[in-house]
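Worksheet: the structure to be examined is printed underneath.
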Amino acid sequence: MYFSKERKVIKKSLNQFLCQLFVWEAKLNVRLCNCLHEVKRPQAIASFITRQIYLEANSYGLDKSSLGLIKDFVNQLQTTFIIVYDLIPMLWYAITHSVLFFVAAMLISTLLSLPFELYATFVVKKHSFNKQTWGLFFSDLAKSLVLSMVFGVPILAAFLWVIGKTGSQFYLYSWALLAVVQFLGILIYPTFIQPLFNKFDPLPAGELRKAIESLALWLEFPLKNKRSGHSNAYSKRIVIYNTLIEQCFTKEFMAVLGHELGHRKKSHVMRMLAMAQLQTFLIFFTFSCFISEQAMCLSFGMHTTPIIIGLIYFYLLQFGNNLVSRISSLKKLGYGKQLSSCIIKLQIENKSAINPYPLLGLPLFASAAGQASECIGQPTCGFKDKLKR
């Protein structure tokens, strides 16, 4: 029999861990805000970033960080409330179905995050970024919810069926199903989903188009179909945001594009895809070791182990996975003169944190742009060189 005392110990330990994690992230956020209050530019960037641009970037960063701190605090209160009052089993037994649980959880999460999304879009992005109208915002939100229902529900139902039917070997079949879904997603997303949110126009003839076609030809990237001249014949596409064209010179843009196409030429994309599949397999295998562990569910008032609840709790084990993912994404960064120049411009135009708090360079908390900013003034430095310093 599982004793109430042990149940309380597990719940208390988990709650304390999540609270400590929140406090740690909050401290980093506060220290980032302290860095963003700095009015003196670092010496490494003073030659190409004006004081006005530096202060504007810091102001934008302060607004984002302050909103993030409040949002994290509200989320932590929500999580603590759910754990303390055993709300998950209450919701589960009321709905009695994993798919409906998924839909309900998604809708609740959307509603709780909506005030923060609205504030981030229409208040924080007052720094010359926001081009959205209220109609466009809610239109995108509705499209996202519908797509989540249309694709998410059948995929979740398929996974639950596979897990329920394949016994102890479910991790192998689930991994194979996810691989199929991912490959189909790669094909479907750019053709059918992206056009729902963005308008695509052919790049007009000119210097940039000619340079792109020459680079594609040199790298054997199939912009044109080899067997047919029909307009609907299959060929690969390069998608360019108009803001990137407006913010960079042609040579700078070509450095960025060459860097990305180089990954395909060197088979980096296929290698990363293979590594992602291996990583996914290991995640499913590890999950299979925990799904039958009833102590966790009993601690939260669940007398059985519903599959989807086990999947939710398994996210607690994702820290190491996120760490590896961040390191992997950084390894591909390398800089030429034009590439470095373009990255600096994008940092300026997007008002990214130019002088972040050092600990925010940790993989759990930072994006690649954060580490890239450390290489400003050292255009040829790479990830391995940084590790040696």
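Heads up, the Cβ atoms here are built off N, Cα and C, so glycines get one too.
The feature Zn(2+) binding site is assigned by TrEMBL to His259, His263. Secondary structure from DSSP puts His259 (Zn(2+) binding site) in a helix.
The domain 'CAAX prenyl protease 1 N-terminal' feature in TrEMBL is assigned to 38-199. Looking just at the domain 'CAAX prenyl protease 1 N-terminal' (38-199), the mean pLDDT is 79.
Marked as domain 'Peptidase M48' by TrEMBL: 203-319.
As annotated by TrEMBL, transmembrane segment applies to 101-124 (among others).
What TrEMBL lists as transmembrane segment is 145-164 (among others). Same-chain neighbours of the transmembrane segment (145-164): 98-99, 102-103, 106-107, 110, 170, 173-174, 177-178, 181, 193, 196, 307-308, counting only residues six or more beyond its ends whose CB sits under 8 Å from a CB of the stretch.
The feature transmembrane segment is assigned by TrEMBL to 170-189 (among others).
Under the heading transmembrane segment, TrEMBL lists 273-293 (among others).
The transmembrane segment annotation in TrEMBL covers 305-324 (among others).
Counting same-chain residues at least six beyond the ends of the transmembrane segment (170-189), those with a Cβ under 8 angstroms from any Cβ of the stretch are 155, 158-159, 162-163, 277, 280-281, 284-285, 287-288. The least crowded of the binding-site residues His259, His263, judged by other CB atoms within 10 A of its own CB, is His263.
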